[in-house]
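Engineer: Feature annotation from TrEMBL assigns compositional bias 'Basic and acidic residues' to 1-10. Look at TrEMBL and you will find 23-40 tagged as compositional bias 'Basic residues'. Taken from TrEMBL, the feature domain 'C2' covers 23-150. According to TrEMBL, the feature domain 'EF-hand' maps to 179-214, 215-250. TrEMBL lists S592 with the feature pyruvic acid (Ser).
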Amino acid sequence: MGHGSSKEDGSSCSSDEDAKPSRISRVKQRLRRHRLRRRRGSDSSHKKLFAAEDFAGIAHLTLINAEMKFKDKWLACVSFGEQTFRTNVSNETDKPVWNCERKLLLEKTGPRVARISVFETNRLSKNNLIGYCEINLLDYLTQDSDSDFGTFDLIDPGSSDKVVGCVCISCNVEDPIETEKNFARRILSVVDYDEDGKLSLSEFSELINAFGNNLAASKKEELFKAADKNGDGVVSLDELAELLALQQETEPIMNCCPVCGEVVEGGDQLNSLIHLSLCFDEGTGNQVMTGGFLTDKQASYGWMFKLSEWAHFSSYSFGLNSGSSASHILVFDRKTKRLVEELINTKIVLSMRTIYQSKIGLGLMDKGAKEILQSISERQGRQMNTAESAKEIPKFVEFFKDQINMAEVKYPLEHFKTFNEFFVRELKPGARTIASIERDDVAVCAADCRLMAFKSVEDSLRFWVKGRKFSIQGLLGKEVCSNAFIDGSLVIFRLAPQDYHRFHLPVSGTIVKFVNIPGCLYTVNPIAVNSKYCNVFTENKRVVTIISTAKFGKVAFVAIGATMVGSITFVKKEGDFVKKGEELGYFSFGGSTVICVFEKGAIDIDDDLLANSGRSLETLVSVGMTLGVSKKKPGSEGLPNLENCVLRN
């Protein structure tokens, strides 16, 4: 792919009439074509520097072919970390062949699971996901096998026990020496005009000039002689690879990558190797997967979405703009360490943007629309308790088929007599593991949700909550708010409609009180939370639960109602001693949110949660995952105040 176009361009540029300066500029232009071929965001994984202890290797993954149950034109995507790549579209067949490859950077503490998704491509706006598989690349590469090839079942996204086909891959760890040779081969192909696999002095000189290093350019002949080990007057592939590797360690020829323009640090062989391998990823003549996508859904969208993106009707990114100006909400899956798109109906997105992202929309709220929304929510809640509403359950499960795992649900679909019964469904025992169950100094996630965590309310206002009047006092109310909470840490657990809607205790302790605070029923979607025109958390209906703990002091647990949420139900009562991970209550139909407020200095929130929140990126978590650790030193709680002790006979 890369070689073919380079050679064709090279032959068209070999005229004797070409002036030397224009020829150098054409070499630079041809190098940059590699860059243009990769879409924005495709190289994000190697922009940071890696320590040797974190580097696990570079996986060379090839998606070979698949066998499906019916004929269609097929597209496959590979999602890994915050990157997604897609193959070309196959001919109409039930046995598509792609032979598409990509290199993936493996970190010991980074993403390990690659998700392969296969789509049928018969739609204008987006294509239909038929099956997927997830492969732990580190496990696959370290298994005891003589073959790089493997075949994996494709699972129906709507039923985890249904196989819809299979996919064949090849995966191996690239040898560092071969990486250097491949890089040299690709560089050589750009300036090797006679295509003899060797560089003459003039071709070598043009390559050095294209690197943009003035010092190296002034020593071209010296470098050429150093590279020409056998003295035959030309530089071979192996000689060029050796020169590039040696010079990058001692006196770099390249101050910046000739493809992407990024600075390449001299003397850092590991990161130079990573960068060169991933930047020039056209490899063996196979098709290279197209990069620049964040999720498989984005990669699978058809030309109508691309047209709307071009026309600025929608955009695709994460952060604050994903709620306020984009049509897509992206979250980071903590388990797979991969970006995923939250499913939400397009009409609902447009209506929420109209209401919550404009002064006019919020003006309507102030003129009586709040009461209308309250009435609609209560009426919809009652409707979801009727037997007729059970007809909506299969449609709901189908729409969210790859985000609802029915294998975890305690009862089959036939068990639920109303939609609300399904909405507040229980999970099978053991479906959620509670981290460090015996340690009360470890707090856990309270819900299956999208989480934002902040050390202080100031951080939350900077990175996420844009309501003009948001404060801890406003959230908790005067009755329970104390000075210790005002400067405390804040954790927001947002539940989407497809989530398991029972919330659990993040800490162990005693329930001191429940305080009901009446209010509105705004949506808790980021479109509203990121809006500067409304104050979702301090205006919505909510119940504040105060939990007294030995390890974290007092913890405020705020259950917030939202659009279409008819009620908040608790299964514990005041005075109960509770253990973390136990169920505390549930929300009826609709989206909803829980906010935990910890006293100042009470908790060290997990670094990955804070890092994602600092990027205005929600983290997809499950009940029982670690949230943070108490800052109290072991043995410091419960000590008597000796100043007040009185000795008696």
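Heads up, the Cβ atoms here are built off N, Cα and C, so glycines get one too.
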Engineer: Is it possible to list how many residues within the domain 'EF-hand' (179-214) are helical, extended or coil according to DSSP?
Structural biologist: 24 helix, 1 strand, 11 coil
Engineer: Let's check the environment of S592 (pyruvic acid (Ser)): how many other CB atoms sit within 10 Å of its CB?
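Structural biologist: Excluding its own Cβ, S592 (pyruvic acid (Ser)) sees 31 Cβ atoms within 10 Å.
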Engineer: Residue counts in helix (H, G, I), strand (E, B) and coil for the domain 'EF-hand' (215-250), per DSSP?
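Structural biologist: Output for the domain 'EF-hand' (215-250) reads 24 helix, 1 strand, 11 coil.
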